[in-house]
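Swiss-Prot annotations:
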DISULFID  C21-C69  disulfide bond
DISULFID  C35-C84  disulfide bond
DISULFID  C38-C122  disulfide bond
DISULFID  C46-C100  disulfide bond
DISULFID  C50-C102  disulfide bond
DISULFID  C105-C112  disulfide bond
CARBOHYD  N25  N-linked glycosylation site
CARBOHYD  N42  N-linked glycosylation site
SIGNAL    1-20  signal peptide
Amino acid sequence: MKSLQFCFLFCCWKAICCNSCELTNITITVEKEECNFCISINTTWCAGYCYTRDLVYKDPARPNIQKTCTFKELVYETVKVPGCAHHADSLYTYPVATECHCGKCDSDSTDCTVRGLGPSYCSFSEMKE
């Protein structure tokens, strides 16, 4: 019985104390207006859960900052979008996460909305792989 209680407490501790915010492979759609179509590329980004809470009593002296799984460090990679006009810039630079953590969402560099456009959004009807 004690081992069962220990196992239960260990699982609770693991769920509360250990975040599962980690690097994951995703496919994003990139587009250039000058090229009139989208391409899909594979990249790395952060995904997972972070410990957070929403207080019932809102204390103005203590700001309520919700933590989200976001990048700690990233690099930029560039891909050439095929089929662009000769006068157009066919290079597209996109971020690749190299390290993740649970922290405040930085709206200067990240879409912090509840429902953004999503990684597969394309404003053109033609999509190339």
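Even glycines carry a Cβ here, placed using N, Cα and C.
On the structure: features taken from Swiss-Prot.
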residue: N25; record: N-linked glycosylation site; contacts (Cβ under 8 Å, 6+ apart): N42, T43, T44
residue: C35; record: disulfide bond; contacts (Cβ under 8 Å, 6+ apart): V81, P82, G83, C84, A85, A88, S90
residue: C46; record: disulfide bond; contacts (Cβ under 8 Å, 6+ apart): C21, E22, L23, T24, C69, T70, F71, A97, C100
residue: C105; record: disulfide bond; contacts (Cβ under 8 Å, 6+ apart): Q66, T68, T70, C112
residue: C122; record: disulfide bond; contacts (Cβ under 8 Å, 6+ apart): T29, E31, C38
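For the disulfide-bonded residues listed here (C38, C69, C100, C102, C112), the lowest count of other CB atoms within 10 A around the CB belongs to C112.
It is C21 that, of the disulfide-bonded residues C21, C50, has its Cβ surrounded by the most other Cβ atoms within 10 Å. Of all the recorded positions listed (N42, C84), C84 sits in the most crowded Cβ setting, with the most other Cβ atoms within 10 Å.
For the recorded site, C84 (disulfide bond), the DSSP three-state label reads coil. In the three-state DSSP reading, C100 (disulfide bond) counts as strand.
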